[in-house]
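Novice: Just dropping this structure here.
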Amino acid sequence: MKTGPEYQDMKKKVSGASLHTVCQEAGCPNIHECWESREATFLIGGANCSRRCDFCQINSAKPDPLDRDEPRRVAESVREMQLNYSTITGVTRDDLDDEGAWLYAEVVRQIHALNPHTGVENLTPDFSGKPDLLQEVFEARPEVFAHNLETVPRIFRRIRPAFRYERSLDVIRQARDFGLVTKSNLILGMGETVDEIREALTDLHSAGCDIVTITQYLRPGPKYHPIDRWVKPEEFLEHADFAKELGFGAVMSGPLVRSSYRAGRLYAQALAARGEQLPANLSHLAETAGASTAQEASTLLQKYGPSEDTPVVSGLLPRK
């Protein structure tokens, strides 16, 4: 992909200041496009997760001690990179009394304080669905509160044994009731059916989800859940159309779409769908609302035409 001046400037800033983002450390295929829009994602809470999901390559082990200085460092990284929009995600911290609620909230507060022109999306665990913990995160008032459902009811407990389908929906519902813009993600290719995908989309919309992203499962390695099928762009487009008909304010659907892909654009679209204007300090995000996207299924079909059947060989992510 051709790189533009914003991407080159971001790359220089990240390398020069030894900054760390999920974008480059996970080898995200969308890094050029997102960085060109001055968007990036940060992982907080350490390298180890207290839970294990069968699709996720983050290590499941005893988490690192809580680093209370991490929010400040992330906020300073956002400033160094001069981001328009930042996504914060992280590991579950069941080892902590508050399950990491303070950490997720404090990162948002610190970014807002140091970067008033940067939108913040908070992609969080479920905090066991506890209203008091969720309330602390909500009160930091991220521009978007995200919690990913990821899969359908029938296979949910096999894929995400420490989470619960209805509890994840309730997390979205609580954020909606608080008044936040809400977001979630579905991963396809793990054994679900088309009807089950539509059921999950309907459940998310009923829970008050404003934004949904839909993506293809890529298996991180042999010990992870096997890939069931490669979903064609045509099907991704059908799911996007169905989601829009349900009334989602913003939808992004495609094989290499990720939950933080073009997140600022989706936030601007969701606000418009709610009949709200962008805050004055984030008015620059309006420039991205109608921009084209390389990984959206509709773009892929326009560029490459109808897709062919592709057999599943291993479904493993390529070696870095």
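Think of each number as a place in line: the chain as shown, counted from 1.
Even glycines carry a Cβ here, placed using N, Cα and C.
These came from TrEMBL, pasted as-is:
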BINDING   C23, C28, C34, S260  [4Fe-4S] cluster 1 binding site
DOMAIN    35-249  domain 'Radical SAM core'
BINDING   C49, C53, C56  [4Fe-4S] cluster 2 binding site
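Looking at the shown structure, can you explain where the listed features end up?
Specialist: With a 10 A radius on its CB, S260 ([4Fe-4S] cluster 1 binding site) counts 28 other CB atoms from all the protein chains. According to DSSP, S260 ([4Fe-4S] cluster 1 binding site) is assigned to coil rather than to any helix or strand.
Each residue in the domain 'Radical SAM core' (35-249) has a pLDDT score, and their mean in this model is 97.
In the three-state DSSP classification, C53 ([4Fe-4S] cluster 2 binding site) falls within coil.
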Novice: How many whole Å apart are the CA atoms of C23 ([4Fe-4S] cluster 1 binding site) and C56 ([4Fe-4S] cluster 2 binding site)?
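Specialist: With distance taken Cα to Cα, C56 ([4Fe-4S] cluster 2 binding site) is 16 Å from C23 ([4Fe-4S] cluster 1 binding site).
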Novice: What's the number of neighbouring CB atoms sitting within 10 A of the CB on C28 ([4Fe-4S] cluster 1 binding site)?
Specialist: 20
Novice: Looking only at C-alpha atoms, tell me how far C49 ([4Fe-4S] cluster 2 binding site) is from C28 ([4Fe-4S] cluster 1 binding site), rounded to the nearest Å.
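Specialist: With distance taken Cα to Cα, C28 ([4Fe-4S] cluster 1 binding site) is 20 Å from C49 ([4Fe-4S] cluster 2 binding site).
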Novice: For the binding-site residues C23, C34, C49, C53, C56, which Cβ has the most other Cβ atoms within 10 Å, all shown protein chains included?
Specialist: C34
Novice: Would you list, in sequence order, the residues of this chain other than C23, C28, C34, S260 that have their CB within 8 A of the centroid of the site's CB atoms, where the site is the one recorded for [4Fe-4S] cluster 1?
Specialist: T21, V22, N30, I31, W35, E39, A40, T41, T87, R258, Y261
Novice: Round to the nearest Å and give the CA-to-CA distance linking S260 ([4Fe-4S] cluster 1 binding site) with C53 ([4Fe-4S] cluster 2 binding site).
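Specialist: Approximately 19 Å lies between the Cα of S260 ([4Fe-4S] cluster 1 binding site) and that of C53 ([4Fe-4S] cluster 2 binding site).
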Novice: Beyond the listed site residues C49, C53, C56, identify every same-chain residue whose Cβ lies within 8 Å of the center of their Cβ atoms for the [4Fe-4S] cluster 2 site.
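Specialist: Along the chain, the qualifying residues are R51, R52, F55, Q57, I58, S60, V91, T92.
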